[in-house]
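Trainee: Can you read through this structure? Questions will come right after.
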Amino acid sequence: MASFRGSIWYCIFVLSLIAVAISAAESEEEQSSVLTLDSTNFTDTISKHDFIVVEFYAPWCGHCKKLRPEYEKAASILKSHDIPVVLAKVDANEEANKELATQYDIKGFPTLKILRNGGKSIQEYKGPREADGIAEYLKKQSGPASVEIKSTEAANTFIGDKKIFIVGVFPKFSGEEYENYMSVADKLRSDYEFGHTLDAKHLPQGESSVTGPVVRLFKPFDELFVDFKDFNVDALEKFVEESSMPVVTVFNSDPSNHPFVIKFFNSPDAKAMLFMNFNGEAADSIKSKYQEVAHQFKGEGIILLLGDVEASQGAFQYFGLKEDQVPLIIIQTNDGQKYLKANLEPDHIAPWVKAYKEGKVQAYRKSEPIPEVNNEPVKVVVADTLQDIVFNSGKNVLLEFYAPWCGHCKQLAPILDEVAVSYKSDADIVIAKLDATANDIPSDTFDVRGYPTVYFRSASGKVEQYDGDRTKDDIISFIEKNRDKAAQQESANGKDEL
């Protein structure tokens, strides 16, 4: 009996602890400065706020766990701001909230969105991830998109020598030009700082003759400032985006250059990248000639980057480049085409870029060396043999695109070996593989987004992606269903005619 009573009291004790824990968790939730949103209250809550920040998170996400105390602390700071700023969160991993995650294009965790005007305007959060930084960034974001500059002292405060700052000069703060400028400032405020003034004399390098309307963009590189007088919204936005980039983006170990490198690779223009040893003998001459080329082709749909070999190893691996080709220049277009000039001299740069612009340069293709021996059951394909083995062989080819580090590819390898052995006596069938990390793939034919990806190309040119189970029998069934037996039929028809 005593043992039974002891068990009862133990259960009561455990249940009491659980109740206390639940109560503490509920109390913590109640005291939180961060609003908890879900599919039932999201739209209604957002519609009531002119400015609100929403974190889309997943409970299992390590980065989300790290952000949580900082986000909570920032919310506590911001709720006592002159104009309170509201921070909220949504568990995007919850089934009921996944539609919200899709609606707001959430592709990773945590993702923070700034919602203005009751959710009508949506911007990415691009600020720090620690409490004080979050608070300061959002204080600026919740204020006016552009600050009025009333004195030289104010201008010096806002316009530093190490950042980009855009100022609109106007004869009055009204009219179409002013409204369009403010519209662009509001749209781009997450990326740039904006100001406006009635007197250009307040500005660095300001001239008393400038009365506006004019937009002046200050930057810590190239010509230091540039003016623009077209107040069409699209034209003004394009001016800000293009003028805030260096004529030549520098890719090295300096962190201050990294934002420009990111913008460079996000640009829709063709990208010319010159990689060299920054300490090499001809470095200064190459840099000078490259700058000249950048100015020569500015605004012609091509942007330029100058990369130090030591900082560019990732790019070398991606493009299949070798250090003995340095100095080199490679151009990549939006459709994936690449053009390479290796071991260039300073005087080679301008003529080669001109030839590229005129369509006179042959495309470059990243390829592993052609194997000297290729007698295994599964044939090795590289970019330089893709045409011969897959497209022009007149055979039915099953081709696996793999990555050497991919676990699923390693599991598939012995299965493909078995399939290949099964077709050893069938001359019309080829089982092959291509390392997609070391060879360029024609994206207009094969859509490779993960590994392994398997395609089948029939002898007559029909291409089908395999999405069945990765078993020997299923793969063979797929091949038999899609193979082209026209050659065999023609042979049979020829015998009948005889």
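Every residue number used here counts from 1 along the chain in the order it is shown.
Here the Cβ of each residue, glycine as well, is placed from N, Cα and C on the backbone.
Quick paste of what Swiss-Prot says about this protein:
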- Cys61: active site, nucleophile (ACT_SITE)
- Cys64: active site, nucleophile (ACT_SITE)
- Cys406: active site, nucleophile (ACT_SITE)
- Cys409: active site, nucleophile (ACT_SITE)
- 24-143: domain 'Thioredoxin 1' (DOMAIN)
- Asn41: N-linked glycosylation site (CARBOHYD)
- 1-23: signal peptide (SIGNAL)
- Gly62: site 'Contributes to redox potential value' (SITE)
- His63: site 'Contributes to redox potential value' (SITE)
- Arg129: site 'Lowers pKa of C-terminal Cys of first active site' (SITE)
- Gly407: site 'Contributes to redox potential value' (SITE)
- His408: site 'Contributes to redox potential value' (SITE)
Trainee: Between the Cα atoms of Arg129 (site 'Lowers pKa of C-terminal Cys of first active site') and Cys406 (active site, nucleophile), what distance do you get, rounded to the nearest Å?
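Mentor: Spelling it out, the Cα of Arg129 (site 'Lowers pKa of C-terminal Cys of first active site') and the Cα of Cys406 (active site, nucleophile) are 32 Å apart.
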Trainee: Taking the Cβ of Cys406 (active site, nucleophile) as the centre, how many other Cβ atoms fall within a 10 Å radius?
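Mentor: Neighbour count, Cβ to Cβ under the 10 Å cut-off: 16.
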Trainee: Can you give me the Cα-Cα distance between Cys406 (active site, nucleophile) and Cys61 (active site, nucleophile) in Å, rounded to a whole number?
Mentor: 23
Trainee: How many helix, strand and coil residues does the domain 'Thioredoxin 1' (24-143) contain under DSSP?
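Mentor: Looking at the domain 'Thioredoxin 1' (24-143) with DSSP, the answer is 55 helix, 26 strand, 39 coil.
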Trainee: If you measure His408 (site 'Contributes to redox potential value') to Cys61 (active site, nucleophile) at Cα, how many Å is it?
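Mentor: That separation, Cα to Cα, works out to 24 Å.
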Trainee: Check each residue in the chain of His63 (site 'Contributes to redox potential value') that is at least six apart in sequence and keep those whose C-beta is under 8 Å from its C-beta; list them in sequence order.
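Mentor: Listed in sequence order, they are Phe109, Pro110.
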Trainee: What is the separation, in Å, between the Cα atoms of Gly62 (site 'Contributes to redox potential value') and Gly407 (site 'Contributes to redox potential value')?
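Mentor: The Cα atom of Gly62 (site 'Contributes to redox potential value') is 23 Å away from the Cα atom of Gly407 (site 'Contributes to redox potential value').
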Trainee: Looking at the recorded positions Asn41, Cys61, Cys64, whose Cα is closest in space to that of Cys409 (active site, nucleophile)?
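Mentor: Nearest by Cα distance to Cys409 (active site, nucleophile): Cys61.
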Trainee: Which one is it, among the recorded positions Asn41, Cys61, Cys64, that lies nearest to Gly407 (site 'Contributes to redox potential value') by Cα separation?
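Mentor: So, spelling it out, the nearest of the recorded positions is Cys61.
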Trainee: Near Cys61 (active site, nucleophile), which residues of its chain come within a Cβ-Cβ distance under 8 Å, counting only those 6 or more away in sequence?
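Mentor: The answer is Phe109, Pro110.
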